[in-house]
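As recorded in TrEMBL:
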type     : residues : note
COILED   : 272-304  : coiled coil
DOMAIN   : 22-627   : domain 'Major facilitator superfamily (MFS) profile'
DOMAIN   : 433-488  : domain 'Kazal-like'
TRANSMEM : 21-40    : transmembrane segment
TRANSMEM : 60-80    : transmembrane segment
TRANSMEM : 195-222  : transmembrane segment
TRANSMEM : 242-266  : transmembrane segment
TRANSMEM : 317-339  : transmembrane segment
TRANSMEM : 354-376  : transmembrane segment
TRANSMEM : 388-408  : transmembrane segment
TRANSMEM : 512-536  : transmembrane segment
TRANSMEM : 557-579  : transmembrane segment
TRANSMEM : 599-623  : transmembrane segment
Amino acid sequence: MGETEKRIETHGIRCLSKMKMFLLAITCAYVSKTLSGSYMNSMLTQIERQFNIPTSLVGFINGSFEIGNLLLIIFVSYFGTKLHRPIMIGTGCVVMGLGCFLKSLPHFLMNRYEYESTVSVSGNLSSGSFLCMENGTQILRSTQDPSECTKEVKSLMWVYVLVGNIVRGMGETPIMPLGISYIEDFAKSENSPLYIGFVETGAIIGPLIGLLLASFCANVYVDTGSVNTDDLTIAPTDTRWVGAWWFGFLICAGVNVLTAIPFFFLPKTLPKEGQEDNADIIKNENEEKKREEVKKEKNGITKDFLPFMKSLSCNPIYMLFILISVIQFNAFVNMISFMPKYLEQQYGKSSSDAIFLMGVYNLPPICVGYIVGGLIMKKFKITVKQAAHIGCWLSLLDYLLYFLSFLMTCENSSVVGINTSYEGIQQDLYVENNIFANCNADCNCPTKIWDPVCGNNGLSYLSACLAGCETSLGAGINMVFQNCSCIQTSGNSSAVLGLCDKGPDCYMMLQYFLILSATSSFIYSLAAIPGYMVLLRCIKSEEKSLGVGLHTFCTRVFAGIPAPIYFGVLMDSTCLHWGTLKCGESGACRIYDSATFRYIYLGLPAALRGSSFIPGLIILILLRKCHLPGKNVSSGTELIETKVKGKENECKDIYQKSMILNDDELKTKL
């Protein structure tokens with residue numbers, strides 16, 4: 001008898017350590033997958049500039065991740081519970097690494113990045129042809145070899161990024177549904193919210209690392225090591241700057257492959273926590289596995305697929321939760337994906353600074369919110385009804401605070417010839433004829449090339465030539481232009497490379513916006529765990545894996561894919577000046593109408609999030625109408641079917657479909 005107890009104790013310790021090992025491994029997997037995802041989202045602007053493509057196409061590339069994900073999500077979620085879940089998760093991590101490697105390939109297959117510039121048109125910085133010189137630019141253009149344009153083909157190397165993102169999406173598919181279902185199946189019900197909270201914390205650490213990596217890479221020139229950066233005439237704040245986007249993808253590839261290793265050493269199943277010392281479980285483990293295999297061979301692995309799908313489709317709370325997720329995901333995918341671009345255009349920050357600020361101000365509050373939310377669920381034994389109310393009202397509070405961001409604005413950058421006249425008067429529309437004035441009429445300046453300079457009168461100009469500058473001092477980014485006839489000042493008129501700064505008032509508005517963003521992130525993440533537990537507890541235990549997968553599938557199809565595309569199209573509509581390639585083709589957008597851009601970036605998500613509260617209130621009404629008898633989320637106490645009379649009979653279907661007691665748990669309680 002002593003040997004049996006010793007064997008049981010050893011088995012329990014071994015199973016407990018394997019559960020902890022799985023928690024550590026799945027947390028690392030969340031870190032690696034979110035690291036790759038956050039890095040990709042942060043590099044969208046760099047990819048747009050590298051390949052000179054519009055934001056709508058960048059949105060499609062970003063949404064391609066969801067395409068790869070949805071190709072497998074339903075089948076992985078269902079078949080994954082029948083197969084070896086840890087091995088499937090490990091394989092997915094390897095595939096994610098392959099996708100990240102594919103995305104870095106264009107850098108090694110393309111020529112060096114060439115940005116548009118009047119300064120470097122001749123290839124000789126000292127020629128002075130970029131200044132206001134009569135017929136100077138025309139002579140330069142006539143000496144250019146016409147065959148160069150016929151040979152130049154707009155790069156299609158972005159297809160590698162597209163395919164790599166699809167492959168990464170396919171690899172990411174098994175991690176969330178199979179990881180969460182594995183925890184739900186083998187962890188104590190009261191520990192499940194806390195474990196999921198820790199896993200979701202890993203999903204915050206990953207983006208934090210990814211954003212810091214992206215901030216570093218965005219500040220390093222894309223071709224560093226192969227060009228002399230001292231000769232560059234652009235700074236990281238310039239909209240033509242492209243950072244070393246490819247370097248981070250190589251790091252993400254290596255991290256994903258390393259993360260996969262532990263999963264290949266984890267078992268297919270574990271005894272449920274708290275039952276490790278049950279001799280019957282230890283004795284019957286192998287017999288139960290054999291019975292499962294025989295049952296699969298006899299009935300077929302897909303026997304329950306359609307009944308499960310029908311059961312989930314007829315679950316009103318589950319379907320309403322999916323509707324809420326789709327609407328809110330449409331809002332948040334746009335806000336997160338294009339937040340660096342918003343900070344650049346609205347507050348004049350560089351890509352590197354925008355990415356860094358986004359990570360520092362938003363991710364730590366989200367991390368704390370996830371942990372606190374999980375602890376509250378465990379500490380106070382929150383019921384399903386209480387969890388639904390917590391999630392709804394906290395989300396509403398966050399939504400109301402969100403409207404303060406409309407007040408934290410900065411004015412458009414004043415660029416003469418685009419939104420400002422040469423007299424410094426703001427213009428509503430961009431008119432190409434307004435580019436010229438008497439001060440530069442004889443300079444024969446190029447009109448489409450974006451090479452802005454900031455005059456000492458506080459106005460920006462499309463180029464030094466259009467500013468009427470006749471001489472220059474220095475080289476590279478430190479070049480100073482003098483004798484600028486279009487810059488009206490009392491003293492010597494001069495200009496420097498780049499757009500003018502937006503001033504201290506705009507800096508303060510940025511600080512207010514970031515503080516509000518941090519506060520909103522904490523409140524919303526605090527509501528995330530209660531809301532997610534409502535999703536998990538409103539479906540049968542045997543349907544959880546498929547239910548989580550179907551939930552993910554719907555958010556991918558109806559939000560993850562279309563949202564970046566239509567959002568990108570709307571952003572492109574606010575562009576004031578498009579970049580120009582060597583042969584006159586249009587490239588990436590250089591400057592947007594900040595006011596219209598702000599209304600789209602903030603207004604559309606506000607409308608979407610507001611509409612999501614309608615199905616949320618319906619869920620609260622359904623839960624209240626059914627008079628749930630103390631259903632506890634954290635302890636796993638499920639609704640036991642009882643006899644009901646009168647109007648309570650209307651809730652019977654919801655009881656049966658949404659909140660059925662797990663058979664194993666019922667046997668344990670009895």
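Each residue, glycine too, has its Cβ placed from N, Cα and C.
Note that TrEMBL annotation is computational and uncurated.
Remote same-chain partners of the transmembrane segment (557-579), defined as residues 6 or more beyond its termini with a Cβ less than 8 Å from a stretch Cβ, comprise 52, 54-60, 62-67, 69-70, 116, 240, 325-327, 329-330, 333-334, 337-338, 341, 415, 418-419, 430, 450, 462, 586-593, 596-597, 600-601, 604.
Between the transmembrane segment (242-266) and the transmembrane segment (195-222), three or more CB pairs separated by 6 or more residues in sequence fall under 8 Å, so the two stretches touch. Listed by sequence, the residues of this chain that lie at least six past the ends of the transmembrane segment (21-40) yet keep a Cβ under 8 A from its Cβ atoms are 62, 65, 86, 89, 93, 96, 100, 103, 165, 168, 172, 175, 179, 182-183, 195, 198-207, 209-211, 213-214, 248-249, 252, 255-256, 259-260, 262-263, 266, 270, 359. Per DSSP, the domain 'Kazal-like' (433-488) is made up of 6 helix, 11 strand, 39 coil. Contact counts against the transmembrane segment (354-376), taken as Cβ pairs under 8 Å, peak for 195-222 among the stretches 60-80, 195-222, 317-339, 388-408, 599-623.
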